[in-house]
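Visitor: Dumping what TrEMBL says about this protein:
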type    : residues : note
DOMAIN  : 196-237  : domain 'Rhodanese'
MOD_RES : K195     : N6-(pyridoxal phosphate)lysine
Amino acid sequence: MQEFPITRAETLKPKPDPKTLVFGKTFTDHMFLMNYETGKGWHNGRIVPYAPLCLEPSAMVFHYAQEVFEGMKAYRSPEGGVQLFRPMDNVRRMNESCERMCIPKLPEETALEGIKALVRLESDWVPSESGTSLYIRPFIIATDPSVGVHASHTYLFCVICCPVGAYYKEGLNPVRIYVENEDVRAVKGGTGYTKCGGNYAASIRASARAEEQGYAQVLWLDGVHRKYIEEVGSMNVMFKLDGEVITPELTGSVLPGITRRSCLELLRDWGITVHERLISAEELFAAAQAGRLEEAWGTGTAAVVSPIGEMGWKDLHVGISGGKIGGLTQKLYDTLTGIQWGTEPDPYGWTVKL
Ligand SMILES: *Cc1c(COP(=O)(O)O)cnc(C)c1O
């Protein structure tokens with residue numbers, strides 16, 4: 001266990017009511033910081049009170065978006081302990097994102113130890129009501145005061161945490177999604193496989209349009225052919241078609257989700273045939289109209305598994321599994337959440353106790 005210096009907050013904030021928690025608005029008392037400087041490398045890992053950062057207006061992150069982030073959760077187990085889910089996968093993926101964005105890679109063990117030290121200090125903030133968790137947001141920003149376009153020489157790694165309520169307060173209600181024909185989220189050769197803020201900035205307009213029309217999420221098509229399904233909102237997407245599961249392959253414009261990987265590993269373990277391949281909107285809607293699309297769901301850390309009940313594309317509208325959650329979707333949700341919250345055994349060694 002690595003030790004980091006801790007500066008404690010003088011006063012601690014009151015904990016919010018776990019029943020009325022809103023996603024991502026309440027932050028805990030402390031944060032983890034670590035600096036990078038050319039010649040010095042990553043150094044000065046420390047825990048300090050959660051507070052505004054002081055940056056020059058010319059800091060590079062504000063202008064050219066040299067930035068990456070991650071999203072993960074800490075869960076309260078029935079015995080009262082706190083555990084993380086595949087946290088090293090997040091750290092490794094963050095480094096993949098860094099490589100694409102010309103940000104120096106983090107020392108993986110130090111980064112993970114920093115996250116663990118922070119969550120350990122903030123463990124009173126991990127709520128215990130059913131379905132609640134502590135969301136962890138590690139991110140790196142370029143801090144050079146310069147508006148010249150080049151890689152920064154200084155960076156800040158920061159980890160903040162916020163308690164989050166149950167994603168599904170009224171059960172797993174399937175959502176309506178809409179195929180976006182105009183905007184694209186990512187293209188091959190771009191940054192689609194990284195978690196970088198720029199991808200999200202470019203996705204907000206389509207999401208806002210979908211919401212205006214009463215849809216919960218956008219179904220993204222690939223940016224080159226405008227033909228193949230890539231993701232749903234900020235989740236990976238899976239379809240059960242003729243008893244087999246199909247998910248878009250990782251072509252470079254699809255984010256390699258840890259929930260996606262976990263679902264694929266579970267499905268294969270259950271003896272279900274899984275295909276990672278291109279699937280066009282045309283093929284998908286034709287299968288749905290022929291009654292062959294049995295289930296559809298999104299996967300991601302926030303929702304875990306999110307059933308899709310209806311899909312729209314131009315003038316076409318198709319319902320899926322009678323607008324109810326499908327059996328396989330439910331089994332994935334129950335198994336994954338059981339492992340994450342420690343109410344089920346973890347034969348895969350995915351959880352890390354603090
Ligand atoms: C984070 C993210 C996902 C889901 O990844 P998980 O590791 O499962 O949380 C999917 N798509 C996009 C675009 C994402 O940013």
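Every residue, even glycine, has its Cβ placed from backbone N, Cα and C.
These figures come from a predicted structure and were not determined experimentally.
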Visitor: Which residue counts does DSSP yield for the domain 'Rhodanese' (196-237) in the helix, strand and coil classes, in that order?
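Guide: The counts are 14 helix, 13 strand, 15 coil.
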Visitor: Within the chain of K195 (N6-(pyridoxal phosphate)lysine), which residues six or more apart in sequence place their C-beta under 8 angstroms from its C-beta?
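Guide: Those within reach of K195 (N6-(pyridoxal phosphate)lysine), by Cβ under 8 Å and sequence separation of 6 or more, are V68, F69, E70, G71, R93, M94, S97, L255.
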